[in-house]
Amino acid sequence: MQSLCKFYEMGDQVVKALDSIDLDFGLNDYAAIMGPSGSGKSTLMNIIGCLDTPTSGIYELNGQQVAEMDDDELARIRNREIGFVFQTFNLLPRLNCLRNVELPLIYAGVSPEEREARAREALQRVGLGDRITHKPAELSGGQIQRVAIARALINKPSIILADEPTGNLDTATSHEIMKIFGELSEAGNTIILITHEEDIARYTRRIIRLRDGKIESDKPQ
Amino acid sequence: MLLRETVIQAITSLTVNKLRSWLTIMGVAVGVFSIIAVMTALDAIDKSVESGLTSLGANTFQIQKDPAMVFGSGHSRNFYANRKEITYKQALLFRKYMEGRVRNIGFIIVRPANLAKYANRTTNPDVAMTGGDENFAASNGFAIAAGRNLSENDIRTARNSAVIGSELAETLFPSGENPLNKFIKVNGEVYTVAGVFVKKGAAFGQSQDNFVLIPITRFLQHINENSSLSITVEALSRKEYQQTIDRAIGAMRLARGLTIKDVNDFEIRTNESLIDSFRDIKIAISTGAFIISFMALLTAGVGIMNIMLVSVTERTREIGIRKSIGAPRTTILRQFLFEALFLSIAGGLIGVLVGVSAGNILALKFNLPPIFPILWITVSMVVCSAIGMAFGLFPAWKAANLNPVEALRPK
Ligand SMILES: Nc1ncnc2c1ncn2[C@@H]1O[C@H](COP(=O)(O)OP(=O)(O)O)[C@@H](O)[C@H]1O
Ligand SMILES: [Mg+2]
């Protein structure tokens, strides 16, 4: 992405949430975006995740220009190329694990038999093969987040995006989750996660620091 | 996304808030119920009226003092009330003038609500007493089941002979007792049963077989000499029907002694005119039912919209999640539209079911044949779907166009 900007107009004031951001992510990148609260981390992630479009600038994903896409094209990209993991998990509470995990495949038009098989497989990968009929309320925070990771994985996305995935978890569980991300990275997935905890960021191979909508530093580790 | 998934999702969401869904469904059901019940009853009446009227005979018309049904103000009612009775003398004159130009002319006088007795058996006071002549049976489509018809002699001598309808015969002479030559009492007067008519069935929702026919001359002498007659005329053929009506109007004016400047002071009733005037009533009732149902359905539609808007607000997060994992706008739109449609169609089906039942129960009470008003059911279901669509569209559109970032923001 090049000179990416996102402005919010608040009355007569313009908030520069992102100000001329230039970034590149390669295949199998494993990066952490860090920075103080309000520095633009979530805004950046929403744009990378095609939930939002930039005010100006270029964003190219796998050779496709995202900035000019309409809502439905963005939805298609999110479905095929992006896997989200949220701080607040964002599972549908009335559906069991299997149904939650297979949801992206419904929108991709995959047949019920294949959906179920792939959802089982994804749950197995995050170590929840024996919990498939449980509803989110019957699981612990760590288990819920693992279901969310399984959902993010299911459609073999180009990028897995995680906005403070450990923000609502205790330290031990956080490290368990980070171990899963590590395994996924080793398996070849591209992962970008947001965190403000240094010891979470330490799991990644690249740290990008934001301040006031600008890149402060971008270092491999 | 597959249709099946959309339907499953819609039903799943609706079952979460069962009471709310049911209340909304009932709103639609009430609107549909009122139109279906009224239309079922009307269709049932309609069917029986048309079959009842056409059973009078295709080439037959009647001349009476008053029209079959009078609409409108007291003024028009007075207009008819001031007309003079059609007397037996006028009727005989009329018959003389029409001699040879028609197949048949019958005179009748009807007096409703009489009490009949035989031995220790008494009927309800709902037996019609008809004064007629030997032509009555033929011109009204009655055949003789047992005994004989009234004879010319009965009429001339005003004899106390009677021919009774099948229902009256069953009431007074149950379990196969022979009614012929028995003496029955109607309003205190004694008559000899000369014959029994074949059963004709119901028309206008009323039995046509609960009556006693006596010579018209006896009716005029013993019961009411000032009764107004009804004259039944059967034309020679369908071709001469209209011509016969025109001639009958001339003959009747002559018999009533009208001058050129007088307007007709009698009415011609044909099958068509009766059906027409019934149709006027039907249209009035239908219009009323339509307006009421329309308002009820409109209210139900607003109810659906309200519920759907609440649902969209409550499920903002769900919508955000679905969008973030790639649900396109059309899918979200369809999901919410389906929920609205489901509510309205379920309401419509319940309304149809209860409405058809209620209409048929009503029809049964009036002795009418059961009916299944396909047209109205179709119309109702189409209107329901349209209402579900129309009022569900805005909430669904709102849901589909939610910004996923906003929708996912924790509150
Ligand atoms: N929808 C919005 N409207 C107005 N301002 C916003 C909106 N979203 C974010 N911002 C502003 O943009 C800046 C960056 O926000 P955000 O990306 O959420 O920061 P972070 O995730 O790093 O805490 C903040 O100053 C925030 O107030
Ligand atoms: Mg944030």
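Glycine is no exception: its Cβ is also placed from the backbone N, Cα and C atoms.
What TrEMBL annotates here:
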- B:21-42: transmembrane segment (TRANSMEM)
- B:21-246: domain 'MacB-like periplasmic core' (DOMAIN)
- B:289-312: transmembrane segment (TRANSMEM)
- B:290-404: domain 'ABC3 transporter permease C-terminal' (DOMAIN)
- B:332-354: transmembrane segment (TRANSMEM)
- B:374-394: transmembrane segment (TRANSMEM)
Among B:21-42, B:289-312, B:332-354, the stretch with the most Cβ pairs under 8 Å to the transmembrane segment (B:374-394) is B:332-354
Under 8 Å Cβ-Cβ from the transmembrane segment (B:21-42), and at least six residues away from its ends along the same chain, one finds 14-15, 282, 285-286, 289-290, 292-297, 299-300, 303-304, 307, 343-344, 346-348, 350-352, 354-356, 358-360, 362-363, 371, 373, 376-377, 380, 384, 387
Per DSSP, how many helix, strand and coil residues does the domain 'ABC3 transporter permease C-terminal' (B:290-404) have? 99 helix, 0 strand, 16 coil
